[in-house]
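Here is the structure we will look at, set down as structure tokens.
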Amino acid sequence: MAKVEIAPLRGWDDFYPGSDRFAKPDMRDLAKWNNRVVSNLLYYQTNYLVMAIIVFLLVGILNPVSMFTGAAVIASVFIGSVWAGENKAVIKKFKKENPALFVFLVMVVSYFLMSLFGGVMVFLLGIKLPLLLIFAHASLRLRNMKNKLENKMESAGLKKSPMGIILEALGQQEENLNKIQDFLESKLKE
């Protein structure tokens, strides 16, 4: 297995070259649209991370108290839920039997506490705005040959990146891996 490599930061002229390299995705062909998004997430992952950090910090600078309050509440509820899930038998049993409901309840408690302190919308904006910008860019940016080559190497397992690991965990890479595996098996049989 290949070691995990951080993808290079792509230049601005590659990341945002102009309107000629952007196009509306074909809404009728969801597989092709999904492939474009996954390919761009893999190829521009470092650019997306930098963009997310900049937007998160910008929202934090514009509303520092609300952002800090929201982050503190989320972290406290998360740490509290992990501690309770490990140290309280009733909660541990509930978490084991209903993991999705447990996560949902943690989110509801976080939202309730953040609404009491007023940092809900600011913190959610700091998280959701970068995700929205990333998804919009990944959906609209057309792929180039270098992008396609990098993605083939990632799919074949010759290269591993943090985004590739995340996409694999979400099941977005399985289709590509299965196609490559089927191709290699057919070549071995010949």
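For all residues, glycine too, the Cβ spot is worked out from N, Cα and C.
Database features (TrEMBL):
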TRANSMEM  41-61  transmembrane segment
TRANSMEM  67-85  transmembrane segment
TRANSMEM  97-114  transmembrane segment
TRANSMEM  120-140  transmembrane segment
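Of the recorded ranges 67-85, 97-114, 120-140, the transmembrane segment (41-61) has the largest number of C-beta contacts under 8 angstroms with 120-140. Residues 22-25, 33, 36-37, 40-41, 44, 48, 51-52, 55-56, 59-60, 63, 66-67, 69-71, 74, 111, 114 of the same chain, all 6+ positions outside the transmembrane segment (120-140), place their C-beta atoms under 8 angstroms from a C-beta of that stretch. If one looks beyond the transmembrane segment (97-114) by at least 6 residues along the same chain, the residues whose Cβ comes under 8 Å of a Cβ in the stretch are 69-70, 73-74, 76-78, 81, 85, 120, 123.
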